[in-house]
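Report on the following structure.
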């Protein structure tokens, strides 16, 4: 009885899990750069466009919070910036 309930909870958590991280350009592993003097101005709208809650400039790159699992973030495909153009 408890096993099916535990399995259902695990599946629901996995489906609705959100993540934080540096968003990257499509078909690359390159972060969006930003101006740290304008902490929210560029990054927050960018992160919201990618269905995150908000974002801010951190170490000269856009850090987003509460991103869906299907949005790629820096580090998932390596630690170097590259392009498939």
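Cβ coordinates are placed from backbone N, Cα and C, and glycine is handled just like the others.
Marked as disulfide bond by Swiss-Prot: 30-81, 34-57, 43-62, 47-64. The annotation domain 'LCN-type CS-alpha/beta' is assigned in Swiss-Prot to 19-82 on the grounds of sequence analysis. According to Swiss-Prot, the feature signal peptide maps to 1-17, an assignment based on sequence analysis.
Sequence features annotated in Swiss-Prot and their locations in the structure.
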| residue | record | DSSP class |
| --- | --- | --- |
| 30 | disulfide bond | coil |
| 43 | disulfide bond | helix |
| 57 | disulfide bond | strand |
| 62 | disulfide bond | strand |
| 81 | disulfide bond | coil |
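Ranked by CA distance from residue 57 (disulfide bond), the disulfide-bonded residues 30, 64, 81 have 64 at the top as the closest. Residue pair residue 81 (disulfide bond) / residue 34 (disulfide bond) shows a Cα separation of 16 Å. Among the disulfide-bonded residues 43, 47, 62, the ones whose Cα sits within 10 Å of the Cα of residue 34 (disulfide bond) are 43, 62. The Cβ of residue 30 (disulfide bond) lies under 8 Å from the Cβ of 24, 81, 82, 83, each of which sits 6+ residues away along the same chain.
Sequence-distant contacts of residue 62 (disulfide bond), defined by Cβ-Cβ distance under 8 angstroms and a gap of at least six in the same chain, are 22, 23, 31, 32, 33, 34, 42, 43, 46, 47, 55, 56. Around residue 64 (disulfide bond), the same-chain residues six or more apart in sequence whose CB sits under 8 Å from its CB are 20, 21, 22, 23, 43, 46, 47, 50, 52, 53, 54, 55, 71, 73, listed in sequence order. Here the disulfide-bonded residues are 34, 43, 57, 81, and the one whose Cβ sees the fewest other Cβ atoms within 10 Å is 81. In the shown protein chains, 25 other C-beta atoms lie within 10 A of the C-beta of residue 47 (disulfide bond). Confidence in the domain 'LCN-type CS-alpha/beta' (19-82), given as mean pLDDT, stands at 94.
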